[in-house]
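The structure appears right after this line, and notes come after that.
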């Protein structure tokens with residue numbers, strides 16, 4: 001329990017041995033360390049001092065959150081990092097989704113390892129101005145399951161924050177797991193002294209996702225993290241009509257591919273249709289989607305990103321959608337959202353000031 005670290009055998013939701021409620025809260029009942037924590041002297045956590053020193057070279061810290069898993073949060077984090085780096089910002093992307101680290105895959109960094117220097121752990125770099133840190137770089141096997149309780153997860157998050165040498169950064173983007181669990185509390189508490197610019201929350205339009213996003217917004221309000229805005233991802237399926245397959249259904253339910261016939265028919269009868277973008281709703285948004293929720297909860301709505309197979313492909317290949325000429329639907333939508341974030345928060349000044 002040196003340096004106020006949470007012991008590995010502690011109960012889940014351990015308040016920490018330096019907390020005033022250590023050994024006394026309901027979460028401490030039955031913990032083998034309860035008596036030690038209750039009688040141990042309290043004081044400032046020296047790790048927080050080390051984190052504050054490390055974060056002193058980071059100008060802006062942004063959390064990317066979601067209430068529900070599978071809404072495209074990590075995809076947004078990756079593309080936000082790519083976009084900011086393409087604007088010549090110095091960018092770091094920290095993956096604190098300990099049990100499901102997908103950032104190495106989405107940045108094209110699978111199989112890479114962390115190296116250590118006299119300055120600390122070195123991030124893995126996509127470009128000279130885009131560094132990444134994730135537990136995914138530490139696993140001996142990519143299929144290895146991380147079966148950790150909260151205290152051990154929190155310990156690794158602390159280690160990432162105090163031991164990784166980012167150098168001078170304009171932005172540190174933190175990709176968090178879905179929900180409002182130990183990892184979220186830990187990252188907010190660890191960065192509290194250095195300040196967090198705010199959180200971007202990603203959702204999909206249907207109520208089953210928005211119910212949990214409301215909890216995420218309330219979490220941010222309770223812990224004092226500003227909500228920079230909400231992104232509605234997968235708002236509809238959109239892609240060029242020429243990317244679709246066309247099928248004819250027979251009476252017995254069999255499907256026949258008639259794509260070639262449709263294309264030839266359009267070329268002959270309506271060639272102007274070949275330049276159209278086709279869209280359809282995937283999720284039920286009759287409840288008003290993220291726009292209505294943002295209005296009700298008093299948080300900014302940043303925009304909608306369509307479900308674009310080309311964006312999914314970019315994520316699978318670990319590439320930027322902005323450098324892919326085929327991302328004709330998702331890239332403009334993401335670009336508009338990111339430009340609004342930069343303008344609204346005055347981040348463009350970083351470049352004009354020679355950052």
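A Cβ is built for glycine as well, from the same backbone N, Cα and C atoms used for every other residue.
Keep in mind it's a predicted model, so treat the numbers as computed, not measured.
Feature list (source: TrEMBL):
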| type | residues | note |
| --- | --- | --- |
| REGION | 1-27 | region 'Disordered' |
| BINDING | 14, 28, 31, 37 | [4Fe-4S] cluster binding site |
| BINDING | 67, 68, 69, 70, 71, 72, 73, 74 | ATP binding site |
Notebook entry, point to check: C-alpha of residue 68 (ATP binding site) to C-alpha of residue 14 ([4Fe-4S] cluster binding site): distance in Å?
Noted result: 24
Next item on the list: Count the other Cβ atoms sitting within 10 Å of the Cβ of residue 67 (ATP binding site), across every protein chain shown.
Entry: 24
Next item on the list: Counting Cβ neighbours within 10 Å across all chains shown, tell me which of the binding-site residues 69, 72 comes out on top.
Entry: 72
Notebook entry, point to check: About how far apart, in whole Å, are the alpha carbons (Cα) of residue 71 (ATP binding site) and residue 14 ([4Fe-4S] cluster binding site)?
Noted result: 29
Checklist line | Other same-chain residues whose Cβ falls within 8 Å of the Cβ centroid of 14, 28, 31, 37, the recorded [4Fe-4S] cluster site, in sequence order | finding: 10, 11, 15, 17, 22, 23, 25, 27, 33, 34
Next item on the list: Report, in whole Å, the straight Cα-to-Cα distance of residue 28 ([4Fe-4S] cluster binding site) from residue 70 (ATP binding site).
Entry: 33
Notebook entry, point to check: Rounded to a whole number, how many Å is the Cα of residue 73 (ATP binding site) away from the Cα of residue 28 ([4Fe-4S] cluster binding site)?
Noted result: 33
Next item on the list: Compare the C-alpha of residue 72 (ATP binding site) with the C-alpha of each of the binding-site residues 14, 28, 31, 37, and give the closest one.
Entry: 14
Next item on the list: Using C-alpha atoms only, work out the spacing between residue 37 ([4Fe-4S] cluster binding site) and residue 69 (ATP binding site) and round it to an integer in Å.
Entry: 35
Check: What Cα-Cα separation, expressed in whole Å, is found between residue 14 ([4Fe-4S] cluster binding site) and residue 74 (ATP binding site)?
Finding: 28
Notebook entry, point to check: What other residues of the same chain, not counting 67, 68, 69, 70, 71, 72, 73, 74, have a CB atom within 8 A of the CB centroid of the ATP site?
Noted result: 66, 178, 202, 203, 204, 209, 233
